[in-house]
Structure formats: C-alpha cells, structure tokens
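Okay, so here's the structure we're looking at.
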C-alpha cells in the first residue's frame, strides 16, 4: 500500500534542525520528555498571561491609602507593611484608574473577569473540535500568539490613557477566545504520546504548569507594577508569544508524524503480555505491526467525534459538572486571592498590593503538591472519581480554617493557604488532565476515532462556566463581606463532591466484584502443587 503523504503533518522545523546537526533522530523516550517540557512551558505561559488582572485589581480600584511596594520581588522585602512605605511611593498614582475606581469599580472588575471566562468557556467547545481536526502544533501556536497580542493590548490602555470600559471588556473577551485553544490542545498532545499506565502520576506532575504559571505570572506582573500597571500585562503578553514560537519550533504533536506509533490500541495488549522469552517475541511482532500501521496511515486518517457523541462517553457529563463547581472554587482564588489578602489584616497589619501578589503564589505551591498527590493516589487506587471527591470534601474544612484563622499571623496564613491550595487544586488538576485523557481514549470509542481534544473541551469548557461565575459572584458578594464568599465556595465544593457519587458507587462496586471473583477463582480453580498451571502449559 502506498504511503499517504497527503495525511501526514510536517515535522517541526526545530526538530528538523536538531536532526541535521546530530545526524540521527531522538529516541521515543527523548521525544516524550521534549513533549512534556514544551507543553509544560506552553500552558505555563497561558496561565501566566491570565494572572495580571488579579495583581492590578487593587491598583485599578484601590483603597484611599493603598500604594505599591518599594522594590520588585525578590530584591525588596516580600511582605511589606503599608504603614512603612516611603514618601516616594506615596507620590505614585494611587487614586485608581477610571472607570474602575468608582463606587461600582469592584463590580466592573468582576464583569471583566466573567467576560474573559465566558468567552473562554464558549470558545472551548469549538476549540476542542478544531483541535481534533487541525494540526495541534499550528493551532496551539496561533492561540498563544493571539493571546499574547490581546493581553498586551489590554495593558496598552494605560499608555494610551484610555478610560473607556468597553475597550478593556473587548480586549479580555478576545483574549478569552484565543486562550480557549490551549487546554484541549496540550491535553490531546499528552494523550497522543502517553498510554494509560501511570497517567495520573505523570499528568499530576505535568499539571504543575498551572501553578507554576500562576506563580510566574504573579511575579512578572508584580515586578514591573511600580513602572505602571500596563507593564504588568505587556510583559506576560510577550512571555506567551515567546512560548508560542517555542511550540511552533519544537512540538511534535503526534507520534506518527515523527515515525513512532500511537500508544493506544495495541499498547494495552503489549503491556498485558508476560515477560518470558516467548512473550518477548510476541511483543516484537506487536511493535512491528504498530510501526507498520503508523507508516501506512497519517495522524489525520482517524476521524474526530462530534460533541454529542463525546458527551455520551460514560463519565463525561458527571466529571464535567463536577469540574464546573470545582473550577468555580479554584478560579475564585486565582482572581481574587491577592485582592482578599490586601484587604484583610494579617497579624493586625495590612500588606501592600505587591506583597499580596507574592503571598498569593503560595496557594499555587500547595496546588502543585495537590495535583501530584491526587494523580498518584488515583493511580494506586485506580479510582479517579473517589479520589477527586475526597479532595473536594477535604477542601471544605480547609477553606473554613483559612477564613477563620488565616488572619492570626503570616505563618498561620501561609500554612493554611497552602493546605487549602492542595485540596482545592488537587481534584481540579486530576479531572482536567488524567480523567480527560482517560475518557478521550475510552474503550467505547472505535480505534479510528479521536476524541482527546473534544472530551477535554467539553469537561474544561463546562468547568469554565463555573470559573466565570465564581469571580463574578465574588465581585458582588465581597461587598457584603468575605464570609459570604467563603460560604459560597464551601457549598460549591460540597456539590462538586456529591456530583461524583454515582461514579464512586460504580468504582467501589467494580472493586468489590473483582475481589469476590478473584477469591472465588482461587478456591475453584486452584491447581495442585504437583500440576502446572494452565498458563504455564505449552
């Protein structure tokens, strides 16, 4: 059969250059490491470009005495008391930025957030289907560069001295549409390169990009805040554009396009084969068959599934609804935690806007641990739903403790914040990575269909509805007091856990059934010691 070049995608130019310099190709393991690294950098850039709006909130809509810090972190002090800021800083503009410094300024900031996240959520459904139909490398590159341009344009409003609300609203909306290209694409790429074995742990570690992006975005935005809040958007905007260039040069989105087979399909068969001498021959035959199949058909020869067909995959709807409430909680912290910290006395003292941004990054440090821990536990137990639900239930007391005792001292605040980050971001990370990839390669799909990006888009797109509602509701509820905000977050965490109840029952039933069947099998089919087992007979 002739090779179908018309269905093959091009090899990234950076990889072609490296091949020509080295004189040979990378191994499969090296490619996987490179894919993990490039996609990690890509989504770090995405999240870094979302963080500036939370950092500059208190500058756009400040309290009368609010000013910025003396020096950028880590040169200056990390946590700076407002009372001791020098007179030089008092000469900086601290009256806010129209139209966000009026009596309805907090509500307007909430509307900006919900506009971004609403467009992000709606764009996700379209982006997921396109991701399964188009070249993921080019699709991701376009999304990153487009995001960087419009994030930077938002910051240009400072230099152009624009005070029209619709300008900032439109910039955020268009940026949200471009940002929607990111998550379905990177999860689909990882799913293309890795099978299901240890996927939870691998993706739990890899998903640290979310927290690393939040931390780097906070530090980037805070580092240039004293030069004007516009720079807090321009610098992260340039960061994601640079990331887009790296993706274009070095991301091999499909194993088939660089001469390796897809890990799905026969991969499970190979892993199931024992490790004796005869099995090694069998493995070799299977690998040869996989390689031949990869060469005979390009990565686009498989069809992409529609949204309705993807929704019918068992587990997609429950996990999507769970993520709606889980992401509501996570994104409320993402967008409002620096604002909350700068408006709350910690140990009887207030911190500056810059210090609040630096302090909020520790929530994401806890989130990194939570993502890895949730992935590891779900792999060990082989129970994604049970793990996610337990984390969501544990998030309720952790948020209650943070609200009740986080103001005692900075040390207490940091410890409780990291614990809350661990339980809030753990299930969010698990569902958006390992669960999405599992369902995108579900056994109910035929071998010629691809649903990785589509399923990821459905789950994360639905979750993004919650991500849009959380910051919007917080904008209104915070005017009534932060107790109301935390009550909303705890109720949402409870609902998120309850939505997985049916899947939890199914997981427990399956495990109980397996133990029962295994126990019955041992008693019924146990062979005498003097006779060889059936599996050992030739």
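Backbone N, Cα and C define each Cβ position, glycine as well.
TrEMBL assigns the feature transmembrane segment to one of the listed ranges (10-29, 30-49), namely 30-49. Matching 231-251, 252-272, 273-293 against TrEMBL, the residues noted as transmembrane segment span 231-251. When the ranges 68-94, 311-337 are checked against TrEMBL, the one recorded as transmembrane segment is 311-337. Mean model confidence for the domain 'Major facilitator superfamily (MFS) profile' (38-508) is a pLDDT of 80. Same-chain neighbours of the transmembrane segment (311-337): 50-51, 53-54, 57, 113, 117, 214, 360, 363, 367, 385, 388-389, 392, 395, 399, 420-421, 424-425, 427-428, 431-432, 435-436, 439, 442, 444-445, 451, 455, 458-467, 469-471, 474, 478, 485, 489, 492-493, 495-497, 499-500, 502-503, counting only residues six or more beyond its ends whose CB sits under 8 Å from a CB of the stretch. Only residues 6 or more beyond the boundaries of the transmembrane segment (451-473), in the same chain, are considered here, and those with a CB under 8 A from a CB of the stretch are 110-111, 113-114, 116-118, 120-122, 124-125, 127-132, 136, 180, 183-185, 187-188, 191-192, 304-307, 309-311, 313, 316, 319-321, 323-332, 335-336, 428, 431-432, 435-437, 439-442, 445, 485, 488-489, 492.
Listed by sequence, the residues of this chain that lie at least six past the ends of the transmembrane segment (485-505) yet keep a Cβ under 8 A from its Cβ atoms are 315, 318-319, 321-326, 328-329, 332, 336, 340, 383, 385-386, 388-390, 392-393, 395-396, 399-400, 403, 424, 427, 466, 470, 473-474, 477-478. Long-range neighbours of the transmembrane segment (114-131) within the same chain, counting only residues 6 or more positions beyond its ends whose Cβ lies under 8 Å from a Cβ of the stretch, are 50, 53, 139, 143, 169, 172-181, 183-185, 188, 304, 306-307, 331, 452-458, 460-462, 464-465, 467-469, 471-472. Scored by C-beta pairs under 8 angstroms, the transmembrane segment (414-439) has its highest count with 385-402, from the stretches 138-160, 166-194, 206-225, 385-402. Comparison of 30-49, 206-225, 231-251, 357-378 by number of C-beta pairs under 8 angstroms to the transmembrane segment (166-194) places 30-49 first.
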